[in-house]
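K.L.:
Here's the feature list from TrEMBL:
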- B:291-321: domain '4Fe-4S ferredoxin-type' (DOMAIN)
- B:355-387: domain '4Fe-4S ferredoxin-type' (DOMAIN)
- B:6-23: transmembrane segment (TRANSMEM)
- B:65-83: transmembrane segment (TRANSMEM)
- B:103-127: transmembrane segment (TRANSMEM)
- B:152-170: transmembrane segment (TRANSMEM)
- B:213-229: transmembrane segment (TRANSMEM)
Amino acid sequence: MAELMAAGEEPEILFWVGCAGSYDERAQKITRDICKILHHVGIKYAVLGTEESCTGDPAKRAGNEFLFQMQAMTNIEVLNAYNIKKIVTGCPHCFNTIKNEYPGLGGTYEVIHHTQLIQDLINEGKLKAEGGESFKGKKITYHDPCYLGRGNGIYEAPRKALEVLDAQLVEMKRCKSNGLCCGAGGAQMFKEPEKGNKDINVERIDEALQTNPQVIAAGCPFCMTMLSDGIKLKDKEQEVKVLDIAEITARANGL
Amino acid sequence: MVAQILFLVLTLAAIALFTVNLRKIIRNIRLGKPVDRKDQPQKRLMTMLRVAFGQSKMVVRPIPAFLHFFVYIGFVIINIEVLEIMIDGLFGTHRIFNGLGGLYNFLIGSFEILAFTVWVSCAIFLVRRNILKLKRFSGVEMKSWPKSDANYILIIEILLMSAFLLMNAADAKLQLLGASHYINAGAFPVSQYLMNILPSSENALVIVERSCWWFHIIGILAFLNYLPYSKHFHILFAFPNTYFSNLEPKGEFTNMASVTNEVKAMLDPSFVPAETEPGKFGAKDVTDLSWVNLMNAYTCTECGRCTSVCPANITGKLLSPRKIMMDTRDRITEVGQNIDKHGAEHQDGKSLLDDYISREEIWACTSCNACVEACPVNIDPLQIIMELRRFAVMEESQAPGSINAMMGNIENNQAPWKYSPADRFNWAQES
C-alpha cells in the first residue's frame with residue numbers, strides 16, 4: 001500500500017489479509033489464492049503488508065475492550081491515512097469487526113468478505129469455472145462460519161461461488177442459520193476447551209462426514225484449522241479435502 | 001347479589017395483586033443500566049408483529065410450533081369469552097353476548113373447538129416432558145421448581161379448558177331441559193359429547209354449571225397471579241421483548257464508550273474526555289447489566305432451544321444459555337426481594353458471577369450466536385456472557401492463562417500469535 005501511495009495511485013480495493021492469513025501456513029495458501037483471483041480478473045488491489053495489525057477481534061470476544069479499541073483505533077488511523085474506501089477480507093472475523101465495530105470508532109468503509117467478492121465477479125461474468133481442475137459432480141458440503149452466517153446473514157454468496165462449479169452441493173443437517181460452530185470463535189481458538197465429552201470440531205466433522213463429501217468447503221481460516229484437525233483425527237485426509245472457497249475458485253480457474 | 005359482590009371483590013383483588021407484582025418486576029428491570037432501544041420504531045414494530053404475534057421463529061421446529069400455535073390462538077381468542085364472563089359476573093346476566101345471534105353461536109362453537117385443541121396440545125406437551133422425556137427439557141437447570149413450574153402451567157391450562165367445556169355441556173343440557181335463566185344460546189360442537197356424563201336433574205346440572213363457571217374464572221384470576229412467579233410470563237413479555245430486541249447484525253458487539261474515552265486519551269494526550277461517572281467495566285452482578293438483559297431474563301420461558309443448539313452444551317460443557325437466563329432472573333428477583341426487605345442500599349455480598357454463573361461456563365462460549373438465533377422471542381444470552389467476561393478481564397485480570405498469552409501477543413506483536421510483526425508480509429514471498 002505504501003508503494004502505491006508513493007506512486008500517487010489509489011487501489012480499487014484493499015485486501016485485508018488478517019493474522020491467520022499472514023502467519024498461519026495453511027491460511028497463507030488461501031491468502032495467495034485470493035491474490036491470484038484478484039490478479040486474474042484485473043482488479044487493482046493493495047495490501048497493508050507489515051502495516052496491518054490484528055483487528056482486535058479475539059481481544060474483544062475475550063472481554064478485553066481496551067485492547068480491542070487500541071487495535072481498532074490504530075488500524076483506523078492507518079486505513080484513513082491511505083484514504084481506503086473498500087476492503088475485502090479473507091476472514092469472517094476481520095470482516096465482522098471492520099464492517100460493524102469500526103464505524104463507531106471513526107472507520108467507515110465498504111467491507112466485503114472474499115466469498116462475496118467471488119460471487120460479485122461471477123455475477124458480472126468476470127469469473128467462471130474454466131481452465132482448471134474440474135469439480136463437476138463432486139460432492140461438496142459447505143460449512144457456514146458463524147461470523148459470516150448468523151453474525152452477518154451471508155449464506156448465499158459462498159454457495160453461489162460453489163454452484164458455478166456444477167458440483168453436487170450437499171447440505172449438512174445443521175446449516176445456514178442453524179449451522180454448528182467449528183469451535184474456534186469467541187477466542188476459543190487460543191485456548192483449550194473446557195471440560196466436556198467431545199470437542200466441538202469433532203462433532204462438526206462427524207456431521208460433515210455423514211454427507212459423504214469429497215470436499216468440505218470453508219470460508220474462514222479458523223474454521224479451516226478446526227475442520228482440518230477434525231479430518232486428521234478421523235484419518236480421512238486422503239478421501240476428504242478441506243478447502244477454502246477461494247482455493248476452490250482458484251483451482252477451478254487453473255490459477 | 002352476593003355472588004356479584006363476591007365476583008367484584010375477587011376480580012379487583014386479583015388485579016390489584018397482579019399490579020403490585022408487575023410493578024415490582026418493572027422496578028427490577030429498571031435497576032439495569034440504560035441502553036437506547038427506541039430507534040427505528042417502525043422496524044421494531046414489524047419485528048414484534050413478525051416474531052411475537054406471528055411466531056415466525058417457532059416454525060423451525062414444526063411439531064411444537066403447531067401445538068404451541070393452538071395454545072397461543074386459544075389463549076388469545078378465548079379471552080373474548082372471558083370478557084363475557086366478566087360482564088355476566090358483574091351484572092348477574094347470563095351469556096350477555098347472546099344478542100349477536102348467529103355470530104354468537106359461531107363464536108362459542110369456535111371457542112369450544114379451540115378449548116379442545118388447547119386441551120389436547122397441553123396433554124401432548126405433558127407427555128413430551130414427562131413420558132417421552134425430551135432432552136431439551138432436561139439439564140442441570142431444569143430440576144425442582146423449573147420442572148414443576150412447567151407441569152403446573154400445563155395442568156392448570158388443562159383444568160381451565162376442562163371446566164370451560166363442562167360448563168358448556170351443563171349449560172347445553174339445561175337449555176334442553178328448558179331451565180329458566182338458561183336461554184337458548186351458543187353452539188356446542190365439543191361439549192355436546194360430554195352431556196352424557198353429567199347428571200340429569202336440573203338442580204345438579206345448575207351446581208355443575210355454576211361450579212365450573214366459578215372454577216374457570218377464579219382459575220384465570222389465580223393464573224394471572226401465578227405468572228409473576230413463573231416462567232410463563234413470556235405470554236406478556238414476549239411482545240415488549242421482541243420490540244426492544246437488537247436490530248443490528250448479530251456479529252456486532254457494542255463498543256464501550258467509557259473505554260473509547262480512555263483509549264483516545266491514551267493515544268492522543270491532548271484529548272480531554274467529557275466528564276463521565278466512573279463505572280465498572282462489564283458486569284459482576286445483575287445491576288451491571290442493561291435493562292434489556294434483565295427484561296430478557298423475565299421473558300425466558302425455559303424452552304431450551306438455545307441450549308439445544310449451543311455447541312458447548314452439545315459437547316458436554318457446563319455452559320447452558322438457558323441457565324444463564326434463569327440465573328439472571330433468579331438473581332434479579334433476589335436483589336428485588338432484598339430491596340423490599342432491607343431497603344435499596346442493602347448488600348447481600350452475593351453476585352451473578354460466581355454465586356450463580358461460574359467462570360467455567362462463561363469461558364466455554366464460542367460467541368457463535370446460535371442461542372440468539374434459536375430464541376423464539378429474541379432473547380440474547382450471549383450479551384450477558386460477554387459482559388461477565390468483560391468484568392473478569394478488565395476489572396479482575398482473571399482470564400484463562402492462554403487467553404492472557406493471546407492478549408499479550410496482540411499487545412506486543414499485533415497478532416494473537418507470537419510472530420514478529422516484521423514477518424507479517426512473508427506470505428507473499430513463498431509459494
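In case you wondered, yes, glycine gets a Cβ from its N, Cα and C as well.
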K.L.:
I'm a bit unsure how to read this: which one of B:65-83, B:103-127, B:152-170, B:213-229 has the highest number of Cβ pairs shorter than 8 Å with the transmembrane segment (B:6-23)?
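P.N.:
Out of the listed stretches, B:213-229 contacts the transmembrane segment (B:6-23) most.
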K.L.:
Apart from its near flanks, which chain residues at least 6 from the ends of the transmembrane segment (B:65-83) lie with a Cβ under 8 angstroms of it?
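P.N.:
Residues 55, 58-59, 107-108, 110-111, 114-115, 117-118, 120-122, 124-125, 157, 161, 164, 217, 220, 235 contact the transmembrane segment (B:65-83) from elsewhere in the chain.
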K.L.:
Is the transmembrane segment (B:103-127) packed against any residues at least 6 beyond its ends, judged by a Cβ distance under 8 Å, and which are they?
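P.N.:
For the transmembrane segment (B:103-127), the list is 67-68, 70-71, 73-75, 77-78, 80-81, 95, 97, 151, 154-155, 157-158, 161-162, 164-165, 168, 185-191.
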K.L.:
What are the DSSP helix/strand/coil residue counts across the domain '4Fe-4S ferredoxin-type' (B:355-387)?
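P.N.:
For the domain '4Fe-4S ferredoxin-type' (B:355-387), the helix, strand and coil counts are 18 helix, 1 strand, 14 coil.
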